[in-house]
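Worksheet for the structure shown next.
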Amino acid sequence: MGSQALPPGPMQTLIFFDMEATGLPFSQPKVTELCLLAVHRCALESPPTSQGPPPTVPPPPRVVDKLSLCVAPGKACSPAASEITGLSTAVLAAHGRQCFDDNLANLLLAFLRRQPQPWCLVAHNGDRYDFPLLQAELAMLGLTSALDGAFCVDSITALKALERASSPSEHGPRKSYSLGSIYTRLYGQSPPDSHTAEGDVLALLSICQWRPQALLRWVDAHARPFGTIRPMYGVTASARTKPRPSAVTTTAHLATTRNTSPSLGESRGTKDLPPVKDPGALSREGLLAPLGLLAILTLAVATLYGLSLATPGE
């Protein structure tokens, strides 16, 4: 893959994409799970026939490539994210998951290279979350141009456009465009396995099978180079060169208390432990306290004795 994007044209492969992470954008989240489902455009141009009365969820195409991975995030998951996704740093460590590293980035590239080009990543709310987060993870590895050969579209934007085109004069309450709401609106049921990366990808594919030919035309006209996506948050040079901790190391660090003593050779902050004084100084300080008290008592006795001598006898 070169640094230049391929010329615009019919997208040959749509890669439905979703990520779960440790939290919302303001918290600089890290990926905990990702899934990519590659579908050739011919599978959408000639969709399989649904079985049963409408609305029936269409079956996925027979020929797909899928990559699904859980990832050690290297930081704690927010309680809300853990409750929604069922993933936490401790759970991922217990299963020996690895961080988002060069190996994972190369795996993503190898997966993409197996697909007919041009490719287009399709993610729900991708412009605001999945795409910038993926760019941030790649930037941590110094690979901001790794996906310059790919294109991308946000399925929310696409589905809004398709709904407006099909019913331009429709009035009524404002519709929700969350993945679950659209799925329920189309098929009369909740999507299975919500808030798992694979479950959300399959739900998105089913939604895009609603009007596949119209979707393909919209994607061909509006896909933009993935290289135009800015990372969700800035990455410093030191962060790029700093080794990423393993899941086991991260979990052990999160579990330790703040007053745990460092091991030999480790450098802790200056606020963690008070400076160690010279043993001789400690012994001198221990002697000075009783000597000072003895001096005060001696002075008091001498004063009383002097007063007794100055007082006339009976």
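Glycine is no exception: its Cβ is also placed from the backbone N, Cα and C atoms.
The feature Mg(2+) 1 binding site is assigned by Swiss-Prot to D18, E20, D200. When other Cβ atoms within 10 Å of the Cβ of D18 (Mg(2+) 1 binding site) are tallied across all protein chains shown, the result is 28.
According to Swiss-Prot, the feature Mg(2+) 2 binding site maps to D18.
Annotation source Swiss-Prot lists substrate binding site at E20, A21, Y129, D200, citing similarity to another entry. Annotation for D200 (Mg(2+) 1 binding site): same-chain Cβ neighbours under 8 Å, separated by at least 6 residues, are D18, C35, H124, L179, P191, D193, S194.
Per Swiss-Prot, active site, proton donor/acceptor is recorded for H195. DSSP assigns H195 (active site, proton donor/acceptor) to coil in the three-state reduction, outside any helix or strand.
Residues or ranges marked as region 'Necessary for endoplasmic reticulum localization' by Swiss-Prot: 236-314.
Annotated region 'Interaction with UBQLN1' per Swiss-Prot: 243-314, in sequence order, evidence recorded as experimental evidence.
According to Swiss-Prot, the compositional bias 'Low complexity' annotation covers 247-260.
The region 'Necessary for cytoplasmic retention' feature in Swiss-Prot is assigned to 281-314; the stated evidence is similarity to another entry.
Geometry remark: H195 (active site, proton donor/acceptor) versus E20 (Mg(2+) 1 binding site), CA distance 7 Å. Counting other C-beta atoms within 10 Å of each candidate's C-beta, the binding-site residues E20, A21 are led by A21. In sequence order, D18, M19, V31, E33, T85, D130, L133, H195, A197 are the same-chain residues whose CB sits within 8 A of the CB centroid of E20, A21, Y129, D200, the residues recorded for substrate being left out. When the Cα positions of E20, A21, Y129, D200 are compared pair by pair, the longest gap among these substrate-binding residues is 14 Å. Just so you know, the Cβ of H195 (active site, proton donor/acceptor) picks up 18 other Cβ atoms within 10 Å once every protein chain is counted.
Listed in sequence order, M19, P25, A123, M232 are the same-chain residues at least 6 apart in sequence whose CB falls under 8 Å from the CB of Y129 (substrate binding site).
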